[in-house]
Ligand code: ASP
């Protein structure tokens, strides 16, 4: 049986390696996706997910996360959760509940405490410094505050054919308190059906929600499209439609994997992702929108990786 994992952004690469290691040892897709996302949540230099994530406009780090099981369609999600070490684990636990499985704000935080999840102040000194600096720049230069965000979204396929999807995000940078993006929303941020495949999204949540693109990609794969053809069709047709009817399409990038471990991506901005399966080791790629509703995908270069490493660890002046 085929198995594999795909996840958004370069930041997910170590998690993808770990997920593939578990999948190779016949562990479950659910454990693999949770481990993958926890790896990103725990790394302090990623400023858009979990520990080290950037806070909202009032300086509070509010996080969103979701988990979906592709056999049973169970979904668990949290939005605006605070001070919890691994929001993805809370979401996965909630997916077992028949009722109250999507919790927001205080209710989500309270649930995680009652269930014994690890409490942690997730706002690092570094993230707070970046936030302060950014706040100053926005005021001084009249900049768009909503730039610079990235969600980790992942899909896993295990050796029994089970597929799962997960997301975790601190959401849009400088979001207003209580703002929720696409990441915890089924159909927009993620969707998975073990008989077809799965998809997850990253980008401007307000616009991703307008197209329910994760569901649309899974639906197209169900009609026989390859993951790549499904991503291209769903993402670029919606990009055009939104530009036409709404005036502008925000940045968005989608990834997909099917039951054979085949994958695809589509994006309207430069986008990195990591993927591997039973035939190929985890590898980081860079994707861009190509001509005529296609996607250009290339392996990442060493120069790109070195510059990235330097950028995320640069001192904050
Ligand atoms: N989709 C996330 C949100 O809107 C942010 C991102 O993925 O960049 O909350």
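Using the three backbone atoms N, Cα and C, a Cβ is placed for every residue, glycine included.
Copied from TrEMBL, the annotated features are:
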type	residues	note
ACT_SITE	151	active site, nucleophile
BINDING	179, 180, 181, 182, 202, 203, 204, 205	substrate binding site
Revision key, fill the gap. Hits among 179, 180, 182, i.e. binding-site residues with CB under 6 Å from ligand 1, come out as 182
Review point. Which whole-number value in Å describes the distance between the Cα atoms of residue 204 (substrate binding site) and residue 151 (active site, nucleophile)?
Key: 10
**Study point:** Rounded Cα separation (Å) that holds between residue 202 (substrate binding site) and residue 151 (active site, nucleophile)
**Key:** 5
Revision key, fill the gap. Here the Cα-Cα span from residue 205 (substrate binding site) to the residue listed as 'active site, nucleophile', rounded to a whole number of angstrom, reaches 10
Point to revise | Per DSSP, three-state class assigned to residue 205 (substrate binding site) | key: helix
Review point. Per the record, substrate is bound by 179, 180, 181, 182, 202, 203, 204, 205: how many Å separate the farthest pair of Cα atoms?
Key: 16
Revision key, fill the gap. Long-range Cβ list for residue 180 (substrate binding site), cut-off under 8 Å, min separation 6+ in sequence, same chain only, gives 64, 79, 80, 104, 171, 205
**Study point:** Under 8 Å by Cβ from residue 182 (substrate binding site), same chain, sequence gap 6 or more
**Key:** 188, 189, 201, 203, 205, 208, 209
Practice item. Measure from the CA atom of residue 179 (substrate binding site) to the CA atom of the residue listed as 'active site, nucleophile' and give the result in Å, rounded to a whole number. Key: 15
Review point. Near the Cβ of residue 202 (substrate binding site), how many other Cβ atoms are there if near means within 10 Å?
Key: 30
**Study point:** Count of other CB atoms lying within 10 Å of the CB belonging to residue 179 (substrate binding site)
**Key:** 17
